[in-house]
Amino acid sequence: MIHHIPNVLSKEQVQYFRNEMDKIEWVNGKVTAGTLSATVKRNQQLPEDHPLTHHLSNIILEALGTHPLFLSAAIPLDIIPPLFNRYENQESFGFHVDNSIRRIRGTNERLRTDLSCTLFLSEPEEYEGGDLVVEDTYGYHEVKLPAGDMILYPSTSLHEVTAITSGCRIASFFWVQSMVRDDAERHMLFNLDQTVQNLRMQLGDNHSEVIKLTNLYHNLMRKWAEL
């Protein structure tokens, strides 16, 4: 399931990110690519070990930790610290699949990549081309969101970033290990959680149907969650 997560960052935060990024030198994006994906990857990245990368990454992680739609859709166990990329001058990233296991930089800890995330830091009108194209069982989805918004999709999906024909596309990208690894189970829990939230607003927290559905949600979490 593909989820649009709006307003992860405010417009003011996005502008701060962009201003700070202008102060440092970008590097070849192949440094974080796997063997196969490196053959189709043409972009630039902020250096993984730069203090600014850590600083901006922490701002995103803090924002995600309090974003109700992200928490409902991802059911995150852990998040690989965000990285940042830039596309310009016909740069692109051809169809590929993300590595199933990734190491958290600076540690020996490894995480399973259940969900892939792209947080847009450029407005759609700032560039042409550069669409994120995600392939799933329902076809191809072309994604270009406002700055500060994020797309969340299963890491099992083939995807690409089409060539930039003008302007510049800046984004953050990262992965989530979910407590619920199966996408179909996560989707059911998401729909159930959203239904519970809507009923709470309509009927109140103490209504019997709200309590029953909340009980069902937590029992399914007990059945499916891996910690």
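Count begins at 1; order follows the chain as displayed.
Cβ from N, Cα, C; glycine included.
Binding of Fe cation is annotated in Swiss-Prot for His96, Asp98; the matching candidate from His4, His159, His187 at the same site is His159. Most Cβ neighbours within 10 Å, among the binding-site residues His96, Arg169: Arg169 holds that distinction in the structure as shown.
Working note on the binding-site residues Asp98, His159: by count of other C-beta atoms within 10 Å of each C-beta, His159 ranks first. Helix, strand and coil counts from DSSP across the domain 'Fe2OG dioxygenase' (78-178) read 3 helix, 62 strand, 36 coil.
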